[in-house]
Amino acid sequence: MAGLYSLGVSVFSDQGGRKYMEDVTQIVVEPEPAAEDKPAPVPRRALGLPATPTLAGVGPSEKGPAAARDPAPDAAASLPAGRCCRRRSSVAFFAVCDGHGGREAAQFAREHLWGFIKKQKGFTSSEPAKVCAAIRKGFLACHLAMWKKLAEWPKTMTGLPSTSGTTASVVIIRGMKMYVAHVGDSGVVLGIQDDPKDDFVRAVEVTQDHKPELPKERERIEGLGGSVMNKSGVNRVVWKRPRLTHSGPVRRSTVIDQIPFLAVARALGDLWSYDFFSGKFVVSPEPDTSVHTLDPRKHKYIILGSDGLWNMVPPQDAISMCQDQEEKKYLMGEQGQSCAKMLVNRALGRWRQRMLRADNTSAIVICISPEVDNQGNFTNEDELFLNLTDSPTYNSQETCVMTSSPSSTPPIKSPEEDAWPRLSSKDHIPALVRSNAFSEKFLEVPAEIARGNIQTVVMTSKDSETLEENCPKALTLRIHDSLNNTLSVGLIPTNSTNTIMDQKNLKMSTPGQMKAQEVERTPPANFKRTLEESNSGPLMKKHRRNGLSRSSGAQASSLPTASQRRHSVKLTLRRRLRGQRKMGNPLLHQHRKTVCVC
């Protein structure tokens, strides 16, 4: 019955609304390896051996028909030893892996799981029990191989080894047999049409999710010393780890933190769950396996999907959607999107309807047709058509198609795009030096200014706007002339939108006037004062005595005169009176000093 059907395969994946894409899919089609149990009989003449010797009582007449039944020597001589005379068909491998805690485990399973399975002893056997045992051994071998790669995987934010793991749902089609193996919550659904006269195709769940709350899984976990804890309505396997502040060997007195960690009871990877007392993994890598005999007249669809699909689309709805899509394609001639892409888009739409952040969603849809396609094996943009009897070969290395769906996370901004504006002026801009206005030492003056050669720098409006973007607050650069003591230049950029370097922004004053301005400076309007300060009258900044006379002896000759000091005192008194007038009615004035008796 082999060769009486063809397969139409479509695959699609979407990141959803998650920050990382951890779903991977894999499709491999390659010639079936030779059987181990019953090797094909090869004629002795083809191997260059003499014919069967004549036994006693066996005449030439009995030997002749036996020799006549052998194939022609020249026809079989071209075949190598141990090979069957008939053409071998191909075996198809399909896998969906949903990673967690990082993409490393899912990527490793996609690249190596099929290789570990097919090299196990008994996989090419004709007995289904031996094939299932070989598949289980392949899962365990892949899991142990991850242990050797653990040191190469990136560590967690706390510096611990990687906690990466993955679910795995595998379908292997060889001849008329379909082998299913899975760990985790990625499921496989089979569409069966019971009555050929009835168009209804019912959905059969081939796999059962490995959840920690299942009695069988909970009993196994607790038997290994683990536990299951409910967190936010979800049952999770508990990770028992020493407290992060602990260093050294783990003893009985070591504080152990119990963290509800993983929502599946079986997975590949998750090496953190190894129990040293029992020598087993609390999160088991051993898969559940099953065997199904395909009947092209009854079995119509095989769907592999991650939990992002099955959490939103029930199995029966998924089968009905695929059936409707195929009817539109073949009966009405509409060449729309593939079944896998349609299912993923429907799932993403339901995530949005429920106002939830969509999970990574992946699907592989296999449509079984009872008629062999005369077009042979070919692929198009969305689908792959296979006839396994023609020994096709296919290997999908990049089947995870990243799409820009409405639920997808926007791409990360490239590092070349600098969000901060940069100055593009060709003129030389002096470095900004921060100093205290009342420090004992003034800024060093450039030689050009010391000689009295002060050049005015003209900036364009474009450069000034760029400078204002980097200087949102008013910035004052004061250059004190410690040699001539004649001028003090202040460069004051403002926050106005149309700012240019004009005479208003370039202020020149004598050292005496600069000192008076520093003394008379008042706080801004939004400055908060305490109760004691408000009761003691207007606020005045106290300046240090002889703050400007400590620099050098050459500066003593240019100190302000007595008349200038009296003028500054008058300005200070005016400021005080002006502040008192703003307080309003004198009857409402508060006392300068208030004593509270409790």
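A Cβ is built for glycine as well, from the same backbone N, Cα and C atoms used for every other residue.
It should be emphasised that the depicted structure is a prediction, and the values quoted were computed from it without experimental measurement.
Record note: Swiss-Prot gives ASP98, ASP359 as Mn(2+) 2-binding, and the candidate from ASP295, ASP307, ASP317, ASP324 in that site is ASP307. Annotated range for region 'Disordered' in Swiss-Prot, selecting from 49-74, 101-126, 231-256: 49-74. For ASP359 (Mn(2+) 2 binding site), applying a Cβ distance below 8 Å and a minimum sequence separation of six or more within one chain yields GLY16, GLY17, ARG18, SER306, ASP307, GLY308, ASN311, TRP351.
Looking at ASP98, ASP307, the binding-site residues in this record, the fewest other C-beta atoms within 10 angstroms of the C-beta turn up around ASP307. In the three-state DSSP assignment, the secondary structure recorded for ASP307 (Mn(2+) 2 binding site) is helix.
The C-beta environment of GLY99 (Mn(2+) 1 binding site), restricted to residues of the same chain at least 6 apart in sequence and closer than 8 Å, consists of GLU22, ASP23, VAL24, ALA105, ALA106, GLN107, SER164, GLY165, THR166, THR167.
Reduced to three states, the DSSP call for GLY99 (Mn(2+) 1 binding site) is strand.
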